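Here's the structure, in structure tokens; my notes come after.
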């Protein structure tokens, strides 16, 4: 029977901010940005971004996993942690605030657990930071070993093994290594670690009732850290049996998730999930070490036991096994003041909070830059016509997109795109500097980010931000057709990088990739740019229609039967084709009447 849980909280909506306030009072080496409730960032009190002479290491994600991630902020580990709401990815503005607060000339490394929301929000923040002049790299950690290799792009979840990656990267950064080397060490560490979890109870979100999903005498194997069901439910077994099963799954030669073979040196991390007594965790450690040594022939060089990445009040544990050579062990052994690695912080108490840093671009932009020019250049007129036509087409197509999406998704593709299109049409009249194509694309991204939301919103924000960065870097006063083609290519690459999809996955990329190919082919052949644009618009339509024949490998369509998919094109691809085609026809009409 479900029942209301007992929690020592005030307002459930304030648990994360009040947690941060208590954390700062407890550890004098930490501060937070004064931006509650939107910005929830914990950072080292001894780091000032503009003056910091080492690579900043930043991580974060949804709250509810304490001490991760804020408890691992400190010299020798994380420079800042970005805290989302409970089990929710932090927003882009919060991530950007953290980057701006601690990143100096050496740049920053973002360590992100492999969840779609985290990938997309951190990805867009990375692109925005790059456009502001910061050096940024991102490493995604997916150490889950509980599930067989997936069909789609979701991939392996990021679990407690991420903490070991934090430590390796933080120690490398503390040595003064350049960003490329710190990122390389973090990526290598992420590929050496595997994790699997076991739950004896279901966690309870603040202010909600406790689920009765697990009955008495049952346990879940292969769970995530967000309260989602495990890979399997089994009868509760003695700890020897459970530990042996978990180790076999992590070290399985069939999945080959980690490159660990007999004779390898490893480190072991036993992680409590929030409500597991230390006594039980130590029992697990005591069984796991001889299991690794005797059953699997491994040399266990380090053992870390405690609660590192929890799931609120869940009873259970996870085991992480990481291959570690001497260089890796040196990173793990390096000193750190991160309070939960288990080394305490000490020193004089600085101010508990500092202001949220503003983006450098705001201080140098004039009002004129962010307003519509009094007189449009020929290039500005052309761009205005294309944007207006593209957005208007999406407004018209709202109901059709929703209808398609109701069959293969959650039914709101048209409404989401409609909100973005309306905002673009309204903002273009006031704010878009249409004579400057690059800055106009940047303002389109601002309109989209403000109103669209969801996966579509973040993907289109990434699309526009990457296109803006390419145009800004390559183009001068006049943006040529080849510049636009290169910007489209950069935008597609960014969406693929952070979203995980590529050609054939049944997404908007299946419309845009053929369009890019046709556009570049015709431009390189010397065709008139307008004719090349029209030909590429034909390719975008054909690409969108072809999604009917594809098996979905991304988004909610992956759960829809193939016979249903075969009757409906991908709504995202159809939306992309619609705005692209409308823009091309508008450019042709404008060109012919000029």
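Cβ atoms are placed via backbone N, Cα and C, with glycine included.
As the structure is a computational prediction, the values presented were derived from the model and not from experiment.
Feature list (source: TrEMBL):
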type	residues	note
DOMAIN	11-341	domain 'DhaK'
BINDING	62, 63, 64, 65, 113, 118	substrate binding site
ACT_SITE	226	active site, tele-hemiaminal-histidine intermediate
DOMAIN	381-585	domain 'DhaL'
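Largest CA to CA distance in the substrate binding set (62, 63, 64, 65, 113, 118): 15 Å, whole number. For the recorded positions given as 65, 113, 226, the lowest number of other CB atoms within 10 Å of the residue's CB is seen at 226. On its own chain, residue 64 (substrate binding site) has 86, 87, 203, 205, 226, 310, 311, 312 as residues at least 6 apart in sequence with a Cβ closer than 8 Å to its own Cβ. Here the binding-site residues are 62, 63; the one with the fewest Cβ atoms within 10 Å of its Cβ is 62. Sequence-ordered, the extra residues of this chain that approach the substrate site, with Cβ no more than 8 Å from the Cβ center of 62, 63, 64, 65, 113, 118, are 60, 61, 68, 69, 84, 87, 88, 89, 225, 226. Residues within less than 8 Å, Cβ to Cβ, of residue 118 (substrate binding site) and separated from it by at least 6 positions along the same chain comprise 60, 61, 62, 89, 112, 158.
Mean pLDDT for the domain 'DhaK' (11-341) in this predicted model: 94.
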